[in-house]
Amino acid sequence: MERVALILAGGTGQRMGSAVPKQYLELSGRPVLQHTLQRFVDFCFFQRFVLVHRCEDQAWIEGILRQVETKYPVHLALAGSHRAESVLNGLEAVPSSVSGQVYIHDGVRPFVQRFHLEALSECLQQYAGAILACPAHDTVKEVARFPSIARTLDRRSLYLAQTPQAFELETIRHALRRGTEGLTDDASALERDGVDVAVVEGSRSNIKITTPEDMLLAEAILGQQEKNKRSL
């Protein structure tokens, strides 16, 4: 059985307002995606990697792979027209002879911790899928027709989904082959089929870098993590 890391790097960065896609913006002198991939390699948790990227970003990907060394196979796949299609393309890049678990992760989330992966792996002993998520602390309003509030949702049952989202490899591949339209995350494919997916509590530092404000926060998180390492 193998553990496969499938890292999505097909975004365009429109919300970042940058000419450079957000996954290639420099964070402390290195592209965000390089931080993410290096962390996944350093975990010594995975035996195979898949990078999903846009065709026009090939040079970026090759540059990052020259900087991040791993003895394990790295497969490349092209991004689709939406997230779920990109994930499916990545899954199809994994040889059919490979069995095990796949951990699908946003390339712009460079701060996941190894204990998150271990918790997901343990959860997969009982469930076909498990995702990181944080409980909603803010009051959440449903707005059916902006700007009017339709209702206030009970936040006690609300969790904010993160990545990685982990699955038995063949289960998620089969689910996505049945269709990818309308899926906003990977767990949605199993939920659609009536398959139970578990939640593992994530960390609020496991941010998805999407806006310029997120880059400032990422610099602060990285600085604190480096400081903590030096103090050990």
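Even glycines carry a Cβ here, placed using N, Cα and C.
Where the annotation comes from TrEMBL, it is an automatic prediction and has not been curated.
Pulled from TrEMBL, these are the features on record:
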type	residues	note
SITE	Arg15	site 'Transition state stabilizer'
SITE	Lys22	site 'Transition state stabilizer'
SITE	Arg155	site 'Positions MEP for the nucleophilic attack'
SITE	Lys208	site 'Positions MEP for the nucleophilic attack'
Given the recorded sites Lys22, Arg155, which one's Cβ is surrounded by the fewest other Cβ atoms within 10 Å? Arg155
Around the Cβ of Lys208 (site 'Positions MEP for the nucleophilic attack'), other Cβ atoms within 10 Å, all chains included, total 16
List the Cα distance (Å, whole number) between Lys208 (site 'Positions MEP for the nucleophilic attack') and Lys22 (site 'Transition state stabilizer'). 10
Using Cα coordinates, what distance in whole Å links Arg155 (site 'Positions MEP for the nucleophilic attack') and Lys22 (site 'Transition state stabilizer')? 30
